[in-house]
Amino acid sequence: MAASSTTKIAWRLQEFEAHSSSISCLALGKSSGRLLATGGEDCRVNIWAVSKANCIMSLTGHKNPVESIHFNVSEEQVVAGSQSGSIRVWDLEAAKILRTLMGHKANITSLGFHPFGDFLASSSMDTNIKLWDVRRKGYVFRYKGHTQAVRSLAFSPDGKWLASASDDCTVKLWDLAQGKTITEFKSHTAAVNIVQFHPNEYLLASGSSDRTIKLWDLEKFTMIGSLEGDTTPVRCICFSPDGSCLYSGATDSLRVFGWEPDRCFDAVPVSWGKVSDLAICNQQLIGVSHQLSSVSSYVVDLKRVKKSGGAVIQGIIQDDQPLTEPKKDPKGAALRKNYERPTTTCRSQRYGERRSPSEDEADEKLSSAEIHNAEDYKAIFQPKSAISRTPPKMSEPFPAPPEDGESSTPTVISAVKRPSPPAAGTVSSSHPAPTQPPVTAAKSKPQLKIISSARNEPIGLNVADFLPVSAPLSDEEALTQMKKGHETMCVMLSSRLKNLQTVRGVWTRDGIKIALDTAVSMSDPSIVVDILNIINPQSLWKLDVCMTVLPQLDKLLQSKYESYIQTGCTSLKLVMKHFWTLISDTLKATPSVGVDITREERHQKCRVCCKQLKNLSNIVKNKATQVGRHGSTFKELQLLMAPLDDSP
């Protein structure tokens, strides 16, 4: 058993409720890989120890949802930016607000601490990048040049350059001292989500929604590689500590890339969904993701991940083909220039004069740090006079769970909301491990079992049907066992495809309203969900559409399928946001003189929609009492639907 427990490559460490409302951002401490900060719509920043579901401290002071968060190199400070454009820096050791910085006019999208000095970079939806001197409460430089929102910032290891990635498909390199652009890279064909410097060499990596990673030589300012193969947008990238390979995090996958020549060393399936941040510690890669109000953390054992070999990338990665060893070029990557790090800090260095004053000093007095776990706080954020610095640099690796045939089954879990596939057909949550401390959010789950939208196994199949019985089976008997239910599944999928093709034809010919009526008449909720998932992102809603859809949301909100619940909640939010004012004003309006057929029709539609919304409001109120991320979603809906209580 001991031997088998070492064969796992990736597993889920835990999942827990981190905020009272939806989480909007999170960040790992890169030095230790053991600290986690989360920011939410509740305007709080919560600090956690990875693998523990008890919050160490909550940082308050923001008056708007927190949109971006980042630790400094020593993990003694954390900075958070809000939806209003304000930035707050906290000293974690002293458990107090250090600085409030004002200056951006829109959402903060990215933050970064300078590797040595008391400087901080921030970017915003206003397309500006600002460099702040934390000691002087004012920005030093403003960097302008991007035409759309800036999504990622990174300082070079020597602290002289700043790289920025933007929705305008470009990556810019800035000279901090001169306050101007050094160069611009334009090879991406979609928004650039993340940018990262090589730890030693003059090399820059950028990951994009075009599903590629570009590598840029910072001596020649040319692209030296394009790493392809991810099937979803690249969300996170991380160089190995020695710089020998690059880890790419995308939806439910981790890839390990090499360059010169471009190749993929390994591809590891990890059920982390849309991963938000990566960190490396003790030859383990830690990945974290969030959904609604819950956070999930995952571990990948890098000792079991290939970091050499792999196939040369030629459009599509061929992971299973042997790589012909490239000829060594004496003028190649091995001789690329390395960064020269200063021997002392640059605390006395100034990149320019202070350009703007900061505002709202009184806000700092209103900000506070609420310590929830004094024991963990003392253990992690020791005073500076202590000999031991924490988080510990030599912390123990996270143990892999016992082998059970799946690479992502959690064992150290505080509150599992999205079940991994320990066995096909399993829909119940795993229980906390005996050694895990009790967590309030995980104790009670009175609601019905919800089949997760992130499941990796088919529903309704028993894994035992595909395993040999006690007596050895012949090949023919084994095939018969494996084909159980196959014909039924094919019939169901064929029927669903036929129905969708019918709805598509009606939509093309008669429009969205008739297509929805057709979908409803088929009495198949999956078809309605498919249509709503097309309508919702494209804002194709009309009052007629509301009348057809609202009666169907009753079934979706009370469904056992998480994907149906999510689609129903999204649709209901859109209806309330875009149509409630119209419905309310129409019903309250004084009757007009004479006959107005159009007005009468609109009034009738609004009356029907209002009645349906009131029925749905009762369902939402009942669901809002649930614990967990579904309860949080329904609580948000309950607040949004509060005006219904005052309607006639």
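Placed from the backbone N, Cα and C atoms, the Cβ positions cover glycine too.
Among the features that TrEMBL reports, compositional bias 'Basic and acidic residues' is placed at 350-378. Residues annotated as domain 'Katanin p80 subunit C-terminal' in TrEMBL: 484-641. Residues annotated as region 'Disordered' in TrEMBL: 321-444. The repeat 'WD' feature in TrEMBL is assigned to 16-58, 59-100, 101-142, 143-184, 185-226.
Model confidence over the domain 'Katanin p80 subunit C-terminal' (484-641) stands at 84, taken as the mean pLDDT rounded to a whole number.
Remote same-chain residues near the repeat 'WD' (143-184) are listed as 109-117, 121-125, 127-131, 190-197, 199-200, 204, 206, 208, 214, 216, 218, 221, 339-342, 346, 351-352 (criterion: CB distance under 8 Å, separation of at least six residues from the stretch ends). DSSP places the residues of the repeat 'WD' (16-58) in helix, strand and coil in these numbers: 0 helix, 21 strand, 22 coil. Taking DSSP states H, G and I as helix and E and B as strand, the repeat 'WD' (101-142) has 0 helix, 23 strand, 19 coil. For the repeat 'WD' (59-100), DSSP puts the residue distribution at 0 helix, 24 strand, 18 coil. Sorting each residue of the repeat 'WD' (185-226) by its DSSP state yields 0 helix, 25 strand, 17 coil. Broken down by DSSP into helix, strand and coil, the repeat 'WD' (143-184) contains 0 helix, 23 strand, 19 coil.
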